[in-house]
Amino acid sequence: MQPNPEHIRTIANRYAANLALCFPLRRASLQLARAVHANIITFGFHPRAHILNRLIDVYCKSSELAYARHLFDEIPEPDRIARTTMVSGYSASGDIPLARSVFDETPLSVRDTVMYNAMITGLAHAGDGYSAASTFLEMKRGGFRPDNFTFASVLSGLAHVAEEERECVRQFHAAAVKSGACSVTSVTNALVSVYSKFDLLHSARRVFDEISEKDERTWTSMMTGYVKNGFFDSGVELLEGMMDERMKLVAYNALISGYVHGGLFKEALVMVRRMVWSGIELDAFTYPSVLRACATSGLLQVGKEVHAYALRRGEFSFHLDNSLVSLYYKCGKFDEARAVFDKMPERDLVSWNALLSGYVSSGHIGEAKLLFKEMGEKKNMLTWMIMISGLADNGFGEEGLRLFACMRNEGFEPCDYAFSGVIKSCAVLGGYCNGQQFHAQLVKIGFESSLSSANALITMYARCGVVEEARRVFMTMPCKDSVSWNALIAALGQHGHGAEAVDVYEEMLKEGIKPDRITFLTVLTACSHAGLVDQGRRYFDSMESVYCIPPGADHYSRLIDLLCRSGRFSEAESVIKSLPFEPTAQIWEALLSGCRVYGNMELGIVAAEKLFELIPEHDGTYMLLSNMYAATGKWEEAARVRKLMRDRGVKKELACSWIEVETQVHKFLVDDTSHPEAEAVYSYLQELGKEMRRLGYVPDTNFVLHDVESDGHKQDMLITHSEKIAVAFGLMKLPPGRAIRVFKNLRTCGDCHNFFVYLSRVVQRDIVLRDRKRFHHFRNGECSCGNFW
DNA sequence: GTAGGGTTAG
């Protein structure tokens, strides 16, 4: 239905004066703007300039910049106000290039101070203090007089200039005083804030003390100045001297948020309690801080109380509900998180991202994918990143890579964090070439020393089997955090350099970096792979006694693994008996695989029974147990276990290996003939097999678990193991001298291990195999990890 | 038509 031009003219005039007033009006105005717009297109109806300007403003304020621009372009000679509205609209949406272009196209004679202010504000908000300052100088040169608005904006922009140039704040301060702008609170507020940002708290305080009419922003700026610089006591003191209730509320908010930012959650909550006692009620700005404190320190109960409190007060804000969503999923309450999300009267992008990240971090990838799809066009960089990184975390490296490409196609320039997500995908996938390319791109755009990217690079190189590169990245990092150290220790540990991993750990302690629970996981794994049992045991014991980190089930399972690998079963048993909680599946698994290595049937059966109870659907237990029987020639027992597995409907996870050739990943299954070049690969593999048998390789048919009668048949089955196919493919495709890096989703078998030992000598190539558990480096007839277990 | 501060998703 098209409104007729007369009608439009009447309403447009009626609304024009009120357009910017309040939200319902603005919403009505947006509809009106649309209708007028449609009429311009269909009927050639042209409202008067001031109405058109209002409509453009409505579009801008409703974030409909493209429509605003259409209207703007309809005006043959846009006046100063139309241009200012456009500049300010683009500025507010952060689109500086477009704001700039409208601004630059405006002749000097049309510009005025307000228009300069709109431009400077945009630059200041975008964090470009230099351009804000130079535009300020340009306007002075052009003979325009800066006013309060100008000084407030340009000063706030200065907060983003480099530390060395903080002296220019004083110059602008002097200029503001001279022009009389310092008698206005908005300007002095900006001064307090910018002085605080540069740690010039005395100057900030001096300005603060001289402000006769302090408003909310004055108090928050001063308080934030104190707490962001760690002067919590000064903040509390400031608070104690306050009288006005409303001002006290905002000061409390700033103080609480400062505590939360500094990780002082307990102090934050104490402050909330104090606030409530003194009769001040929480507001929309208090909730997110409190809830984040609860979420990060796992205080679900307190969080629920806050939720109830907010419900009683009948408040709604995106920030509140979004914080609730993240509180619940971080505390593992996914249904509650979803319920809050579903009940929201309106949702913004943050709400969607919060729920998405809840799904992703809890492994609900199916739901996450649905949600991601449902989001359609309304995604931002973070949406993509959450999904990419989440896919990688859940083992979907290929999908992560694909999504990263999609993201770029849709015009998102990845930030450093987005790179860390896709690099993680390469790590999962073993995509060395892909990873190298992303590394090169990082260097090109200057992100290579970003903590998140560099940490991801260390892990990626390690997981691709190139420890030296991982080490190099670590060495070149200008600043490192515990994640960086953990990544390097893990890298070394995975590749059997256990002693070195332990050295790095000791060095980390010397550097004063506090180990966290991940550090201990990596150190224990390293000790376990290197057989450093006593040392590992000592590190484990130090967790609680020295670092106050209570070991979790994952730490205990590493300890069991450590003990079992060197055959210390009685010790392992007594650890399990003295656990402060019920042993988890993970712990029994560690015991079972230890028993497998040593053929400890008795204990192995105990562990397997427990696992059958705890996770009857898990195929690994059946395989391990049946393998154990088979290895000792107890074929009947092995068959019984496999029958049990069949009866319970447990499916064996399909073995799959893959290899990257020129950034393309090629996947192979057992007996796989689906690859276009399968035939050639098979005949090449047969040839290799013959060649190696001549050199003494004997297929070890113990590893064939199918019920096959003849030995010849069994050998055929061995040759078609997916990792052998992938390696053969690599030999065919990769240039001579290049290492073959193959990845497998399950553990490799002893026969394949043996096969590759021979192969590495025959073809004179390095072969690196990463299976579910560990890395195997084959070079010239030897394997770095010796025994393949 | 323009300003100053504090909050949510990794």
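Each Cβ is built from the backbone N, Cα and C atoms, and glycine gets one as well.
Listed in TrEMBL for this protein:
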DOMAIN    A:696-789  domain 'DYW'
REPEAT    A:112-146  repeat 'PPR'
REPEAT    A:215-249  repeat 'PPR'
REPEAT    A:317-347  repeat 'PPR'
REPEAT    A:348-378  repeat 'PPR'
REPEAT    A:380-414  repeat 'PPR'
REPEAT    A:481-515  repeat 'PPR'
REPEAT    A:516-550  repeat 'PPR'
REPEAT    A:618-652  repeat 'PPR'
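Counting residues 6+ beyond its ends, the repeat 'PPR' (A:481-515) has Cβ neighbours under 8 Å at 451, 454-455, 458-459, 461-463, 465, 467, 470-471, 474, 522-523, 525-532, 535, 539, 547, 549, 774-775, 777, 784-785 in the same chain.
Within the repeat 'PPR' (A:112-146), the DSSP-based counts of helix, strand and coil residues read 26 helix, 0 strand, 9 coil. Secondary structure by DSSP for the repeat 'PPR' (A:215-249): 27 helix, 0 strand, 8 coil.
With helix defined as DSSP H, G or I and strand as E or B, the repeat 'PPR' (A:481-515) counts 26 helix, 0 strand, 9 coil.
For the repeat 'PPR' (A:317-347), the number of residues in each DSSP class (helix H, G, I; strand E, B; coil) is 23 helix, 0 strand, 8 coil. Mean pLDDT, taken over the repeat 'PPR' (A:348-378), works out to 94 on the 0 to 100 scale. Mapped onto DSSP helix, strand and coil, the repeat 'PPR' (A:348-378) counts 24 helix, 0 strand, 7 coil.
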